[in-house]
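Input: a single structure, listed below in structure tokens.
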Amino acid sequence: MRLSITLIFTLIVLSISFISAGNVFSHKQYQDSFIDWMRSNNKAYTHKEFMPRYEEFKKNMDYVHNWNSKGSKTVLGLNQHADLSNEEYRLNYLGTRAHIKLNGYHKRNLGLRLNRPQFKQPLNVDWREKDAVTPVKDQGQCGSCYSFSTTGSVEGVTAIKTGKLVSLSEQNILDCSSSFGNEGCNGGLMTNAFEYIIKNNGLNSEEQYPYEMKVNDECKFQEGSVAAKITSYKEIEAGDENDLQNALLLNPVSVAIDASHNSFQLYTAGVYYEPACSSEDLDHGVLAVGMGTDNGEDYYIVKNSWGPSWGLNGYIHMARNKDNNCGISTMASYPIA
């Protein structure tokens, strides 16, 4: 049973006695904010769900206030993930298995790349303006981010080569690339997906093979309806932002990042810089589609797969030339069409 607004108010009133003296806001401020947030995000809870979600919302409301009050150029807000604990968020939305590959060549060579010279001059490119990027998609509660990063880069290089931008099938990758090391909604790697597409001689379009937010037992690839092909792929030198930026001048690039922090979960605007980010423990696949500079702050334009209501209409500006913050150049790659 979903709760009515009246019953919600009753439950909130009953929870007053549990409010800690350490809370940042008054009971009424928490209450009003949560009700407004529920309405704007079309959220509805059962009786059992309500109080845990409300408690997590209050914690996130405090976190956002404390972060923003420090004057960071990264702005946080109460987005669609504001009723989730950080653990719940990581479990449901992150899924790049980068640690598998970092145990090999990339991790051993990471330290050799971080101190290479970086671009000093401002660089500006945005592949959205060149019709090489499809609209923001939504992976839902499935750790399929790697498949969206993969289709994004294949869509980009194909559009640049042919002049035609076609939305490609993430479901095709989810259902059919397990033999290449991917694990469906439990994560995978973009390079594994590239290997699958090469071996498979192509990928279906989103229209031909729609996304279902789950893995099917059967691969339903339509051999006679290939929408895009690639011949190979190139991996960026691990940790080398120079190499990543050179690649971005050519086409969009698939990147793996550390997105595990509350600051990423609740990102709303500004240039994202997280001092606690790891450059090796990577857990989310996204798509770098350009780069720019804002008031002296260099950034990458990064397309996420959490729908257009997250971040900057589905995008995030991530710090550029900041010692590979969040590992954005640790495991970057792009296909060759």
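Using N, Cα and C of the backbone, Cβ positions are placed for all residues, glycine too.
According to Swiss-Prot, the active site annotation covers CYS145 (among others). In the three-state DSSP reading, CYS145 (active site) counts as helix. The Cβ neighbour count for CYS145 (active site), using a 10 Å radius and every protein chain shown, is 28.
Residues or ranges marked as active site by Swiss-Prot on the basis of similarity to another entry: HIS284 (among others). Its Cβ taken as reference, HIS284 (active site) is surrounded by 27 other Cβ atoms within 10 Å in the chains shown.
The Cβ neighbour count for ASN304 (active site), using a 10 Å radius over every protein chain in view, is 28. Among the features that Swiss-Prot reports, active site is placed at ASN304 (among others).
Summarising the environment of CYS185 (disulfide bond), the number of other Cβ atoms within 10 Å of its Cβ, over all protein chains shown, is 18. The annotation disulfide bond is assigned in Swiss-Prot to CYS142-CYS185 (among others).
What Swiss-Prot lists as disulfide bond is CYS176-CYS219 (among others). Mapped onto three states, the DSSP output places CYS219 (disulfide bond) in coil.
The disulfide bond feature in Swiss-Prot is assigned to CYS277-CYS326 (among others). Long-range Cβ contacts of CYS277 (disulfide bond) within its own chain (separation 6+, distance under 8 Å): ASP258, HIS261, ASN325, CYS326, GLY327.
Residues or ranges marked as signal peptide by Swiss-Prot on the basis of sequence analysis: 1-21.
Most buried of the disulfide-bonded residues CYS142, CYS176, CYS219, CYS326, judged by other Cβ atoms within 10 Å, is CYS326. Recorded residues HIS284 (active site) and CYS145 (active site) have their alpha carbons 6 Å apart, per Cα-Cα distance. Of CYS142, CYS185, ASN304, all annotated as recorded positions, the residue with the shortest Cα distance to CYS176 (disulfide bond) is CYS185.
Under the DSSP three-state reduction, CYS277 (disulfide bond) is assigned to coil, being neither helix nor strand.
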